[in-house]
Each structure stands twice: as structure tokens, then as C-alpha cells.
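Note sheet for the following structure.
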Amino acid sequence: MSDLRITEAFLYMDYLCFRALCCKGPPPARPEYDLVCIGLTGSGKTSLLSKLCSESPENVGSTTGFSIKAVPFQNAILNVKELGGANNIRKYWSRYYQGSQGVIFVLDSASSEDDLETARNELHSALQHPQLCTLPFLILANHQDKPAARSVQEIKKYFELEPLARGKRWILQPCSLDDMDVLKDSFSQLISLLEEKDHEAMRM
């Protein structure tokens with residue numbers, strides 16, 4: 001092959017690379033959803049969200065008011081407003097519900113009976129709240145790595161989820177910080193529910 005032909009071949013390859021890199025256009029924007037994350041103090045809300053954001057969950061303190069994290073996924077960005085779970089804060093939760101498109105409820109599956117009862121009451125209240133009752137719910141039964149953790153079936157029965165959440169979009173998933181694949185899969189399922197709700201709204 002002559003030097004001229006070789007030069008032409010390289011120029012053409014450069015042109016193809018340029019087209020691939022510069023003329024493709026920006027990737028389509030990922031949809032963003034605004035979520036509210038609630039649960040009692042110690043349920044692990046902050047640690048789970050920190051791990052999803054690739055932040056270290058070590059030395060994480062309890063949220064005293066609220067915090068917002070943008071949690072990135074391949075097909076969506078979740079803007080999660082996490083509300084503190086202390087008794088003196090829970091009574092103000094409903095002030096932060098407006099604008100939410102979905103709900104994450106985190107419970108400590110290894111907690112005491114008293115705390116589990118409190119979590120049950122708070123979940124029931126959230127599921128029936130006018131601003132949340134039509135939204136997709138992701139319920140995370142956290143701390144499954146602890147010996148005292150209740151199974152998903154035990155939690156589903158104790159929380160009376162099937163009769164309470166009948167007709168709603170909800171997911172109950174066991175999780176722990178030790179199994180990020182399960183946690184990410186839970187959020188992928190939630191994103192699917194959010195997308196379904198979007199498509200239904202567009203058809204109306």
C-alpha cells in the first residue's frame with residue numbers, strides 16, 4: 001500500500017472517531033424522582049443511603065432534622081429527602097410530604113417489640129396519609145444480618161401489609177449493608193413502579 005493510501009486510511013479512521021465522540025450528541029437525560037425516606041431512629045436510613053451514594057457509612061450519625069441526597073442509578077436519579085426518626089421529629093413528618101413521588105420506609109427488623117410496634121403505627125399512618133396513599137412504597141426490612149431479625153413473612157403478617165396496602169404499589173424487601181446487590185435491586189424495582197405511574201399519568 002502506498003504512503004498516500006495509508007495516510008488516507010488513517011485520516012478516515014480519525015474522522016470516524018471524531019464522529020463517534022463529537023457528533024453523537026449528549027446522552028438522554030435521566031428522569032429524576034423526588035422521594036421521602038422515613039423510619040425510626042436506628043433503622044439505618046442514613047447508612048443505607050450513604051452506601052448507595054458510595055459514601056462510607058461508618059461514623060454516620062442519626063439525622064436530627066432532614067437531609068437530601070441525590071442517589072444515582074443507571075436509568076434514574078432519586079432525590080431522597082430523609083426525615084429524622086426521633087419521637088419529637090416524627091410528628092412533623094407530614095410537613096415534608098408535599099411534592100413526593102414515592103416513599104421509602106426503613107424499619108429495623110431486629111428491633112425490640114416496642115419499637116416494632118411504633119414502626120408499624122408510623123407505617124400505617126404513612127400508607128393512609130392523603131399525600132402519600134397513592135404513591136409507590138418501598139419498605140426495607142433492614143438489619144437482616146442480625147440474629148434477631150424477623151423474616152419478611154413475619155413482618156408482612158405483623159404489619160398487616162397485605163390488607164392495608166391492597167390496591168397500592170408497594171415492595172417489601174429484606175436488606176442489610178452487607179448485601180448491596182439486594183439493596184440496589186430493591187431500588188430498581190421502585191424505579192419501575194415510578195415509571196409505571198408516570199406512564200399512567202401521561203395516558204390520562
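Cβ from N, Cα, C; glycine included.
Residues annotated as GTP binding site in TrEMBL: Gly39, Leu40, Thr41, Gly42, Ser43, Gly44, Lys45, Thr46, Gly85, Asn142, His143, Gln144, Asp145. Lys45 (GTP binding site) is surrounded by 28 other CB atoms, counting those within 10 A of its CB over all protein chains shown.
Annotation comment: TrEMBL describes Thr46, Thr63 as Mg(2+) binding site.
Of the listed binding-site residues Thr41, Ser43, Thr46, the Cβ environment within 10 Å is emptiest of other Cβ atoms at Thr41.
Looking at Gly39, Gly85, His143, the binding-site residues in this record, the fewest other C-beta atoms within 10 angstroms of the C-beta turn up around His143.
Site extent for GTP: among the recorded binding residues Gly39, Leu40, Thr41, Gly42, Ser43, Gly44, Lys45, Thr46, Gly85, Asn142, His143, Gln144, Asp145, the largest C-alpha separation is 22 Å. Asp145 (GTP binding site) counts 14 other C-beta atoms within 10 Å of its own C-beta, drawing on all protein chains shown.
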